[in-house]
Amino acid sequence: MSDILVSEQSAPGADGSGRPSGRLLEVEDLRVEFRTRDGVAKVINGVTYHVEAGETLAVLGESGSGKSVTAQTIMGILDTPPGFVTNGQVRFHGKDMLKMSAEERRRIRGEGIAMIFQDSLSALNPVFTVGFQIAEQFRIRRGMSRADAKKRAVEMLDQVKIPNAKGRYSNYPHQFSGGMRQRAMIAMSLALDPEVLIADEPTTALDVTVQAQIMDLLGELQRERQMGMILITHDLGVVADVADRIAVMYAGRIVEEADVFELYRKPAHPYTLGLLNSIPRMDERGQELRTIKGLPPNLMNIPPGCPFNPRCPMAQPVCREKVPPLLQVGAGRASACHFAEELVNRD
Amino acid sequence: MGRYLLRRLLQLVPVFIGTTFLIYWLVWSVPGDPFAGKCGERRCPQQYVDFMTDKYQLDQSIFVQYATYMKNLFQGDFGQTFGGRSINDIIMTSYPNTLKLAVVALLIEAVIGLGAGVLTGLRRNGFLDNLVLVSTLFLLALPIFVIAFVLQWLLGVKWGIVTPTVSSEMRITELLVPGFVLGSASMAYIARVARTSIAENRRADYVRTAIAKGLPMRRVVGVHLLRNSLIPVVTLLGTDLGALMGGAIVTEGIFGINGIGRQVYRAIVTKESATVVSIVVVLVLVYLLMNLLVDLLYAALDPRIRYE
Amino acid sequence: MSDPSTASIVSTPRAEQPTETVSPVGAPQGDRKEKPRGLLGDAWLDLRRKPLFWISALFILLFLLMAAFPQLFTSGDAVNGSLDRSLGKPSGDAWFGYDFQGRDVYARVIYGARASIVVSVLSVLGTLLVGGAMGVIAGYRGGWVDAVLSRVADVFFGLPFVLGAIVILTTFNGSGTSNSQWKIMGLVTVSLIVLSWPVVMRLMRSSVLSTKEADYIVAARALGAGTGRIVLKHLLPNCLAPLLVYGTIMVGSFIGAEATLSFLGVGLKSPVVSWGIMISESQSFIRVSPSLLFFPSLFLVLAVLSFVMLGEAVREALDPKLR
């Protein structure tokens, strides 16, 4: 039994190159709406993005921009009702998951695509030990014996640098600190060695110092295992060190997608520009923070034209009439703004 | 844990004394002349009055009487009826019958109530859900004696499926209908609590996590969801065993079961004060201890609760 | 949830905190255009759409009318009968037939509403008043006052409901003769109150405890508002909704409890007309004339259900989580 364990453990590194090249996970023209008593909220309105092996895609947006709902749709954990997928595809290794049987999808969860949640306290089951919840996957999905599963679970806890992993195995979630709990959550999501990891605001609930540690750990594990990672966040600061590409979402759409350096250097969408400007900077101390005026649109009643136009400082009449499509604006970057070229070409 | 247990036990003492003293006072002291109506229409012979006064210390204050009673009680002596019969005997013969009835009721509650609650909690707004909601409303709203009568008349008299009353052998099959009647309200309550609890927890984050881990639905529901949702239900069931025995008066009367409820009712009507007090003491004690047990059970089921 | 079937399970502690949190429903994000409705307005909108609410309200109105003006519903004599009609079958003269003593069952069922409803409504008012006051005092004063009151409540809570009522009623009702109708009704009312107030007290106490530390109460106290004013102006309105719901449901369960006690022969007694007495009397004739059991039970069930359903409907409307 132990050789199997060893071979499995060494699998990611050895296998990483052997994975099918190209698009590992693709989301295409996804549309999701929430049907509630008070009306239909169009939460996702044609989202397209992809992530490849060994790459980190950061999905950035305010709360309500649809970034988490997209992730839930990929995982197949969207609450239905009220949430309904009305259009689009979610392809994993080229196969549309939305058309798969429930059983097929289940097998992908954990092993193909795994997820880390924001609030580790409520995301972990309060009445089972942390160890049990990790070992459970080895027992149910890999058919291991209790003893072997426990051994592997302790190894996982060790990998995410939880001190005294063996002792912590039998602690309950509420006995962990926030940072340790998020580490345990990471250990749990990586247990089955997934090809894609979706991290939904993994550090939002944590202290700033702990945030950095967790992000470092995630980055390290992602490189080690050559996983594709989708990092969902509303915090531009978190993204910079870890992400390769960034997709910015607004009102259920991708408004800009770019290489992380390009995006920071020269945003091609006024919304991204606004986000970058609203980060407090040391060289601008004493000045008023520049914020984006107004509120995100009501998803039950999205304004015609560009959804950002009521808040946009550059808005022109055309913005109120035509929805700007997401178009290429240079190598490997795209923007959904009528004036994207002007933004990119200015100094 | 040990200290918590001790504290809870100490807390029980004043409640136990208070409740039993209240009953003792109501039964012995309030009616005034304890011999009124004891000897038919006539006054009781002086000899009898003297004997009884001496036996129950009626010339002493109520507190002395109560203290003496409690002292004897803790030596295992529940006293005697006015006729000289040992109350221990009465309790010994009738208590097992009530316990048996209560256990049958509890089992029926657990099986039907839990089953209905779990099924409807997982699948809300279907036909079954509405059926359960309406039928539990009826069970909760109807006084127990109406349910008892209707079932006794329908099943026992009209259709003749069961015997209308229970024989002294207390066969389990005979106890099914009385057990159902006794447990009906709690059964409905359990079904509703289980339903709400499951429906609430079904959307909980940890259930979502369990699904995201790729666990089969059977395990998500059977292990992660149920374990959490059933904590309030299990505690309810525990408290209920104590409550069921105290509530068995009506059921035992209608179905002719020689249990503790029937004994206490008979004792109240015939003014057997000593018997009334002793049976109430037993019922209160069982009820309080069951509540304590439930508290401890709660801690065992939910690791978040700590007792210091 | 209360214990609608008070008769059997009231001694079970079922402390369920009434939830009164307002959470935004509907769209996960984005502010709604319409003016946000208050909790009560929302609840009313919800209620108006429920047929169950209207049906139970209608029935309650009917029963209240029946209790106040029984003559409106029947011209029959509920108390006197003639033996030659004994156990007569339902007919045009007496829709529900005659009982053993030849009394008109329909008239009796109508007149029976009064005793049941008067007793239960008075008991509920008393229970809310006593329990509510105790709860406010215990919750607001805290400390040893709270400790003592809570233990006293525990003492009454520990008494099995039916058993406690029987003991109280037989003790104070003595020989059971020569007592006027009103005296017995008063006794039943008092014993229901004595055995039920701890439930309301606990409800109220936890409600007060949770609002006591709320910022606006602390602010009011800091601004120098007196205890009486804080309790009346701030604490009570907050606890009123759950109490109202509980009270409505309790009316239903008390109707059942009163009937149970009458049935056991310790509550109301003939010549008072009440559903419980009628059901109890029908026992001996159940094989010959099941309708004697059926009609009073039907009215009893309808009355209990109407109050319980009304309470449930209001509670569901007040609880955003259940929507």
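Every residue, even glycine, has its Cβ placed from backbone N, Cα and C.
Keep in mind that this is a model prediction, so the values were computed, not measured.
Pulled from TrEMBL, these are the features on record:
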| type | residues | note |
| --- | --- | --- |
| COMPBIAS | C:1-11 | compositional bias 'Polar residues' |
| REGION | C:1-34 | region 'Disordered' |
| TRANSMEM | C:52-73 | transmembrane segment |
| DOMAIN | C:113-311 | domain 'ABC transmembrane type-1' |
| TRANSMEM | C:117-140 | transmembrane segment |
| TRANSMEM | C:152-172 | transmembrane segment |
| TRANSMEM | C:184-204 | transmembrane segment |
| TRANSMEM | C:235-255 | transmembrane segment |
| TRANSMEM | C:292-311 | transmembrane segment |
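Here the transmembrane segment (C:292-311) has long-range neighbours at 2, 4, 52-53, 55-57, 59-60, 63, 87, 96-97, 99-100, 105-106, 108-109, 112-113, 116-117, 245-253, 255-256, 259, 275-276, 278-279, 281-283, 285-286, meaning same-chain residues at least 6 beyond its ends whose C-beta is under 8 angstroms from one of its own. Here the transmembrane segment (C:235-255) touches the transmembrane segment (C:117-140). Their Cβ atoms form 3 or more pairs under 8 Å, with each pair 6 or more residues apart. Between the transmembrane segment (C:117-140) and the stretches C:52-73, C:152-172, C:184-204, the greatest number of Cβ pairs separated by less than 8 Å involves C:184-204. Remote same-chain partners of the transmembrane segment (C:52-73), defined as residues 6 or more beyond its termini with a Cβ less than 8 Å from a stretch Cβ, comprise 110-111, 113-114, 116-118, 302-303, 305-307, 309-310, 313-314, 317.
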